[in-house]
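Just dropping this structure here.
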Amino acid sequence: MSLPLIITHLPTCRILFTLCPYILLTAMEIDNVNIKSIPEQDTSDDTPFLPIKSHSNQNITTYNTIHRSIIVNILTKINFNIYIWTAAVLAIAGGILFGYDLGIISGAILQLRNEFCFGIVKSEIVVSSLVAGAIIGSLTGGILVDFLGRKVSIILDSVVFCVGAVILIFSESFWLLVIGRLIIGYGVSLSATAECVYVSEIAPSKKRGMLVSLNELGICLGVLLAYTVSYLFVDKSEGWRYMFGLCIIPAVIQGVGTLFLPRTPRYLLLRSRVELARSTLQKIRGKDTDVSGEFKEMRAAILEEEKYNWWDLFRLKDCMLQRMIIGCMVVLFQQLSGQNSLLYYTPTLLKVLGFPSNQAATLATIGVGANKFLFSIITFFTIDKLGRRPLLLIGISLLAVSMLLLGSLSVAFVDPYLILSSNTVHLSNCDNTTVLTQSEYILPNNLTLSVSEQIHFRITKWLSLILLIVYVGAYEICFGSIGWLLLTELFPPSVRGQAVSLCITVNWVMNFIITVSLLSIYHLLLGYMYIVYGVFCVIGLVCVFFMVPETKGRSLEMISDGLKNRKLCTCLNKS
């Protein structure tokens, strides 16, 4: 089935593509092309969220004194919670989209290879096309976030996810699958930039870490859901269509929900809508909260920093280059710590380490995913209490220890017994001449071990699983949650979207390099690969200790001001 036929002949698709322009226009009508020409006395609230704009004396004179105070307090409290926590829920939805689309291909590709007669090359192209789309998205996503605004970018991201999912659902050819995965990858990257920036800019300083880390919590939940959905549909006829299609649900929730949220006050100030920015900040913080000090600080910082442009990110002025080095360093060690080897190849690793079957390894993988989600919840509740630096240092230390021990166990007790096996698989939907040759390291079935060796194998298997659980939890404590948060805190608002986007580009490029070479590296190094990851973690620990500042409890303006006149490795730790 071709793409034009999908769009023109399927009612669902026609409805979706008809609504997409309307949704975007509705979101963008808040800021028209001449947004800077809007007079400052415009104090009306253009967000169709709650009909609670103010509580003047005239509006409440019909209530007696007791009822009046109770109702005003309740409305104020609800108003505050709804804006902040609705944004938080949308961050979770965006994270679920991110994690789900990263993880679901591991189950879908098993059916796709059989149904479409994919060999190794085409399978790798389908899997890696999402990463290629993410690289494109990271290069352009920051421009969209800074030009269209954070809110509109999130809505656009939801539309992108829906379009990509529809193409994947009705794909009947290899190239439609690649196009759909490219579009989904673009949405994944745009999601990481827009949602984190939006939440960081509306969150109170004392809760910013917790609220931004919700995105990582959503990613972990999305990965866990992807593993579970794969397990449920992997034996169903054309189950891969359901796997790809289910991501439409959180995409619609995210897009529709964002329509009812305000733009961030910082973005409105960047567009010279001063009074609307003030009223929006008041609405977000609550009617009875004095926002004059926060708004004054915000406005002064933006007036000073709006002069920055993209090229300033690579200059020494105000330590902008140093900030970029810190951001890129964090995302590089996200990848060099070995996370991808677990996210994409956990079942393969567990089989090599002694789990006897695909079913046992897959169930253990779900357990590892559940542990990842659990530690993201723990980090959510501790990130604003303990601070960024302590969690980073503790988490990276655990990463280094777990990887070094895992590599040592593998080298000492597993690698000497492994053999390289080549399996020839005939694809059922193809002609008999079409075969797929797979090479992997396995434990031979006829391996005879002494009693002591059997004990060593048994201990190694369970110790390896424990170390993987420790590793996954440690990753969530440090790079998983705090990495994205730091990116939103280091840069001025006028270039924040572009700076975050550039760092994410570095992340996706390194992700792509590691993903396409991981199996080859493992075949070359075996257990020593995990020792290499452990060494990278040690290097990352040293870099974080000397370079990463503590940003807990400080406003974005205070953080940016504190970073302007600091040298890279001497003063950043004094916060």
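Keep in mind that glycine also has a Cβ here, set from the backbone N, Cα and C atoms.
What TrEMBL records for this protein is below:
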- 6-27: transmembrane segment (TRANSMEM)
- 82-105: transmembrane segment (TRANSMEM)
- 87-552: domain 'Major facilitator superfamily (MFS) profile' (DOMAIN)
- 125-145: transmembrane segment (TRANSMEM)
- 152-170: transmembrane segment (TRANSMEM)
- 176-199: transmembrane segment (TRANSMEM)
- 211-234: transmembrane segment (TRANSMEM)
- 240-261: transmembrane segment (TRANSMEM)
- 324-345: transmembrane segment (TRANSMEM)
- 390-414: transmembrane segment (TRANSMEM)
- 462-487: transmembrane segment (TRANSMEM)
- 499-522: transmembrane segment (TRANSMEM)
- 528-548: transmembrane segment (TRANSMEM)
For the transmembrane segment (82-105), could you work out the same-chain residues 6 or more beyond its ends whose Cβ comes under 8 Å from its Cβ atoms?
49-50, 126-127, 130, 154, 157, 161, 181, 184-185, 187-188, 191-192, 194-196, 198-199, 202-204, 207, 211-212, 214-227, 229-230, 243-244, 246-247, 250-251, 253-254, 257-258, 260-262, 283-284, 343
Return the stretch with the most CB pairs under 8 A relative to the transmembrane segment (176-199), choosing among 125-145, 211-234, 499-522, 528-548.
125-145
Among the recorded stretches 240-261, 390-414, 462-487, which has the greatest number of Cβ pairs closer than 8 Å to the transmembrane segment (499-522)?
462-487
Could you tell me what the rest of the chain brings near the transmembrane segment (211-234), counting residues at least six beyond its ends with Cβ under 8 Å?
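Result: 84, 87-88, 91-104, 106-108, 110-111, 192, 195-196, 199-200, 203, 240, 242-243, 246, 343, 362, 365-366, 369-370, 372-373, 376-377, 379-380, 383, 476, 480-482, 484-485, 488.
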Excluding the flanking five residues on each side, which residues at least 6 beyond the ends of the transmembrane segment (125-145) place their CB within less than 8 Å of a CB in that stretch?
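Distal contacts: 101-102, 105, 109, 112, 118, 153, 156, 174, 177-178, 181-190, 192-194, 197, 496-502, 504-505, 507-509, 511-512, 515-516.
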Sort out the residues at least 6 away from either end of the transmembrane segment (462-487), same chain, that have Cβ-Cβ distances under 8 Å to it, and list them.
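Non-local partners: 192, 196, 200, 208-209, 212-213, 215-217, 219-220, 326-327, 330-331, 333-334, 337-339, 342, 346, 349-350, 353-354, 364, 367-368, 371-372, 374-376, 378-380, 383, 388, 391-399, 401-403, 405-406, 409-410, 499-500, 503-504, 548, 551.
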